[in-house]
Amino acid sequence: MAAVFDLDLETEEGSEGEGEPEFNPADVCPLGELRAAGLETVGHYEEVELTESSVNLGPERIGPHCFELLSVLGKGGYGKVFQVRKVQGTNLGKIYAMKVLRKAKIVCSAKDTAHTRAERNILESVKHPFIVELAYAFQTGGKLYLILECLSGGELFTHLEREGIFLEDTACFYLAEITLALGHLHSQGIIYRDLKPENIMLNSQGHIKLTDFGLCKESIHEGAITHTFCGTIEYMAPEILVRIGHNRAVDWWSLGALMYDMLTGSASPASLGAGRPSPQRTGRKLWIKSLKGSWCCPPTSPRMPGTLPKSF
């Protein structure tokens, strides 16, 4: 990335002092005189015209003015996500997703501040084919901006909701890529803790990208545990529910719950009982099922295929 900046090439008028000596072409010895004195030039020299492409102009200065708003992709309590086009600097015309967070909302809570800082740090430091890429990050007086790659394939949740269930080969494809992404996070000492279809996006080629790293926990290596109660109850591991401390194994529990959803179509709350239960009733049922390990195929869904769960 490059940015244009000014260089002061002039001294003040009328100033005196030692400074740099003036260049006088008459002071330069002709090539013949150098050779007569027994001095030879080293190597071959040629004139090079300096252009913007041949000079490193330093880091690019990025701000909201560099992007054109195209549409609103989503909104939440802390801000919005826009589809934008880069209109200045490098990557001209490239489409991105711009996540805009309001500082006034975030700084009210130490927890929210920590989550925002963790997401920014992880996006900046972690690079992986199946993790969303952070292109730029900057801030103004009242807002924080994260410029992310634009993922045109939509949420995995949308695809699962439309299809009802995934074929085993399709589920296996997505689960394998998610496994690689989680494994990479774990190798960096990071627990994801919020695996769910809404946080998994697809790119234009149909490959998955993990997004939303606000609930991640950093610096959790082999043997370390943490105690924060967080996540989405449908995918929350029992050790988080009972608050006995947890490690990176909770991500694998969530992956198993996600596999269950893919193969049985049970993501809908209605699958937990007749009608559409309230969120409170749904939460209690899920809690009990998680703690008892009593998950089974809903009566309205096809039976879960046996090959993939056993292999998993």
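Positions of Cβ are set from backbone N, Cα and C atoms, glycine also.
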Candidate ranges 1-26, 183-208, 287-312 [criterion: TrEMBL lists as region 'Disordered']: 1-26
Please give me the CB contact count at 10 A for K99 (ATP binding site), counting all chains in the structure. 24
